[in-house]
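Student: There's a structure below that I have some questions on.
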Amino acid sequence: MFLLLPFDSLIVNLLGISLTVLFTLLLVFIIVPAIFGVSFGIRKLYMKSLLKIFAWATLRMERGAKEKNHQLYKPYTNGIIAKDPTSLEEEIKEIRRSGSSKALDNTPEFELSDIFYFCRKGMETIMDDEVTKRFSAEELESWNLLSRTNYNFQYISLRLTVLWGLGVLIRYCFLLPLRIALAFTGISLLVVGTTVVGYLPNGRFKEFMSKHVHLMCYRICVRALTAIITYHDRENRPRNGGICVANHTSPIDVIILASDGYYAMVGQVHGGLMGVIQRAMVKACPHVWFERSEVKDRHLVAKRLTEHVQDKSKLPILIFPEGTCINNTSVMMFKKGSFEIGATVYPVAIKYDPQFGDAFWNSSKYGMVTYLLRMMTSWAIVCSVWYLPPMTREADEDAVQFANRVKSAIARQGGLVDLLWDGGLKREKVKDTFKEEQQKLYSKMIVGNHKDRSRS
C-alpha cells in the first residue's frame, strides 16, 4: 500500500482546500449570478481597470516614439485613399477635360485617355479595396497588450514588456482555466438540462423550463468569455412568430443574443460535440435543423421557415442573413430568403469593441478550436446590442429591397459601413457578371451618346 509522507500529505490537503475554495468562489460569484441573471459589477470594474492600463501603455509608446523622432502608428479607419462618390461617366468627363479640349458630349468615340480611369480604379482596388479588408481583423488605434495585435506598435519599453508578461500569465494561467471550466459547465448543463426537459409532456411548464434552462446555460457561457454586454431598447426584443436578423461577426453572436432572449435556431445538422448539443436542444425546443442535402434546396428551407413563423406560439427564428462572418466594420449583402416568407422582421445590431479582444472569426485562417482559444485568452469580449423596432415588407417592395432596407437600418444603428457586396466573396471568385457590368456601363456611355447624336 502506498503511504504519503507528512509533507506530501500537507501538499495534497492544501491542494484539496484550494480547489474547494476555487469551486466555491466560482459557484457563488459566477454560476449562481448567471443562473439568476444578476451581476455584482466585477466585470465592469475589470473593464475600467483595463481601459486605464491601455491608456497608460499608449502614453508610454507615444513617449518612446517621440524620443526616437518617429510618429506613432495610426490606422486609416476610413481607408488610405480618399474616394468621391462619382459615376464612371462623370470621372471620364473630368479626365477628358483635363487632357484635351474635347468633351464627352462632342466626342462619343473611344479616347485613349479613357484607359487612365480604368488603370486608376484597378490600382485603387489593389491598394485599398472596400471588400476584402472586411474579411481580416480590424486594426487597433492603440495596443491592447496582446501579442497577436502588436504588428504596428513597436515602441515598447521595459515596463511595458514586464506588464505584457504579467498579462500573459494572468490570461493563460488564471483566466484560461477558469473560462474552460465555465464553458464545460455551461455546455454540460445545456446538454443534460435540455435532454431532461425533452421528456416532460408538452405544455406551459415544459416551455417555462426550456426557456430558463437555455437562458441559464447561455449566461454561463457568456461568463466563460468574460463578455460585457450592453443591451439597448429591450422593449423591441423579438416576439413569437417573427424573425430576428442580425449582422454576423462570430459564432458567439448566438450566445450574445440567446443570453437575453429565447430563440429557435436555424442551421445545418452537424456531427461530433455540436451534433450532441443540437440533438439535445431540439428535444426541449422546436429548433429548425436541416440535413446537409436539404440546405441547398431553397424551396424546402423557405417552406420549413414559413411553417414555423405561421405558428404564432413558436419562438422567433434567429438568422444571420449575411451567411458568413464579417469583421464588424460593415454589413454586407443580406440573402433574400428570410425576407420572402412574409414574417415580421426584428432587426438587431451587434457592435463589438476590438480594444479588449477581436471577436471576428476569420474562418479561412483559423479553425474553430484555434478561434475559441483566441477568444478565451483575450482580455474580454465587450459589445453593445441594439434591438431595433420591428419591420414589415411594404406592398411595393420586393424581397431584395426589403432586405436592403433592414440592412441599412442595422448598419446605421451600429455605426457600420453599409455595403452591397456579397460576403460570399470571402471564399468565391468574383463573378464575371461584375466585370461585364462595368463594360456595359462604359459601352452604354459611348454607344448611347452616339445613338442620341444620330437621332438629332
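Heads up, the Cβ atoms here are built off N, Cα and C, so glycines get one too.
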Student: Among 62-67, 86-91, 248-253, find the range that Swiss-Prot records as motif 'HXXXXD motif'.
Tutor: 248-253
Student: Could you check which of 156-176, 261-281 is flagged in Swiss-Prot as transmembrane segment?
Tutor: 156-176
Student: According to Swiss-Prot, which stretch among 180-200, 348-368 corresponds to the feature transmembrane segment?
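Tutor: Among 180-200, 348-368, the range Swiss-Prot annotates as transmembrane segment is 180-200.
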Student: On the 0 to 100 pLDDT scale, where does the motif 'HXXXXD motif' (248-253) sit on average?
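Tutor: Looking only at the motif 'HXXXXD motif' (248-253), pLDDT averages out to 90.
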Student: Could you count the residues of the motif 'HXXXXD motif' (248-253) that DSSP puts in helix, in strand and in coil?
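Tutor: The motif 'HXXXXD motif' (248-253) comes out at 1 helix, 0 strand, 5 coil.
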Student: Check the DSSP secondary structure of Asn362 (N-linked glycosylation site), expressed as helix, strand or coil.
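Tutor: Note: Asn362 (N-linked glycosylation site) is coil by DSSP, not helix or strand.
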Student: Identify which of the glycosylation sites Asn327, Asn328, Asn362 has its Cβ surrounded by the largest number of other Cβ atoms within 10 Å, counting every protein chain shown.
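Tutor: Neighbour-count leader: Asn328.
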Student: Using C-alpha atoms, which one of the glycosylation sites Asn247, Asn327, Asn328 comes nearest to Asn362 (N-linked glycosylation site)?
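Tutor: Looking at Cα distances from Asn362 (N-linked glycosylation site), the smallest one goes to Asn327.
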Student: State the residues, same chain only, that lie 6 or more residues beyond the ends of the motif 'HXXXXD motif' (248-253) and have a CB under 8 A from a CB inside it; answer 'none' if no residue qualifies.
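Tutor: Answer is 225, 227, 320, 322-328, 350, 352, 359-361, 368, 371, 375, 381.
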